[in-house]
Amino acid sequence: MISMILLNITNSLLYILSILIAVAFLTLLERKLLGYMQHRKGPNLVGPMGLLQPIADGLKLITKEATKPTMSSPILFTLSPIMALILALTSWAPMPMPTPLTNMNLGLLFIMAMSGMFTYAILWSGWSSNSKYPLMGAMRAVAQIISYEVTLGLIIISMAILSGGYSLMLFTETQEHMWLLLSSWPLAMMWFTSTLAETNRSPFDLTEGESELVSGFNVEFSAGPFALLFLAEYTNILFMNTLSTMMFLNPGMTNPQLFTINLMTKTMILTTLFLWTRASYPRFRYDQLMHLLWKQYLPLTLAMYLLNTSTSMALCGTPPQ
C-alpha cells in the first residue's frame, strides 16, 4: 500500500518536473524563433547557443525580492499565482502519455472545468493588485476566456460524439486508422483559433496590450509570483496544443513505445504555429474578437454539432458505450 502511494507520488512529481522543463525550453524556443524571424540571433550568451538562458532567467526571478503593492489584498495577491500554476498542472492529469496519471471517463469535462477555474486565478490577480491596469486586463481576460470556452465546449461535445465518449483514451482508440482531423477539419481550424484566444496569445493578446495596459493582469507581480504566472501561461499553451494533438492528430496505439515522442513532436509543431502567428499578425480589436466568436464561430460550431449528432443517429454510427 505504502509502496503504491510512493510510486504514485513519484510519478506525479516526475510528470510535473518534465512539464516545467518543457515549459522552460519553450520560452527559449519562442525567443529564438522570434529572433530569427526578425533577423537577429536571440539569446546566445548563456551556455552553448544560449541553451542555459531559461535556467538563468529562473534563478534570477527566484532570487529577486517579491514586492507587494501597499494597498493590495495580501492573501489573494499571494494565492492567485500559486492557484494559476496548480490548475495549469492539474489539467495534465487525464492526458495519456500513453498511460494517464488518472484514467477519467470524463477527462475532457475535467479539463474544461480546470480551464474555467483558471479565470478565477486571473480575476484574483487583477483585483487583488488594487490598480486599474491589472483590473482592466483581468476583466478583458475573463470576458475573452469565458466567451471562447463556449466554442471550445461545443467542439469538444462534437468530437466526443465522433469518438463515443469524453475519455481521452477513447480518442486514441478511435484514431487508430485515421485522424479525426480529416473528417472534421472545420472544427479543427476553429479549435486552433479558439485555443489562441483561450491562452491569451497573439493576435488575441488583448489582456497584455502593452501599448494600452502596460502588461495586463500581471503588472504588479515581480520575482517569484511573476515566474509562477509566466509558467502557468506557458504550461497552458503546451497543454492546449497537446490536447489539440490528442483530439485531431492522435498517434494511436500501434506503437506504444513511440506514442509519447510522436505526440510531443506534433505538439511542438502546433506550438511553433502559435509562435509563428505571434510573429506575423497584429493584435485584434476587442470588438473584432467578440464579433469573430459570437457571430461567426458560435453559429458554425452549433451547425457542426447538429450535423455530427444527426449523422450519427441517422446512420446508427454512435460508438458503443
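The backbone N, Cα and C atoms fix where each Cβ goes, and this holds for glycine too.
Here Swiss-Prot flags 9-29, 75-95, 106-126, 151-171, 177-197, 219-239, 256-276, 297-317 as transmembrane segment.
Per-stretch counts of Cβ pairs under 8 Å to the transmembrane segment (9-29) identify 256-276 as the leading one among 106-126, 151-171, 256-276, 297-317. Counting only same-chain residues 6+ beyond the ends of the transmembrane segment (256-276), those with a CB under 8 A from a CB of the stretch are 26, 29-30, 33-34, 37, 96-98, 192, 196, 199, 201, 237-238, 241-242, 244-246, 249-250. For the transmembrane segment (151-171), the list of distant contacts is 94-96, 100, 103-109, 112, 115, 180, 183-184, 187, 190-191, 194-195, 198, 246-247, 250, 293, 297-298, 301-302, 304-305, 308-309, 312, 318-321: same-chain residues at least six beyond its ends, Cβ to Cβ under 8 Å.
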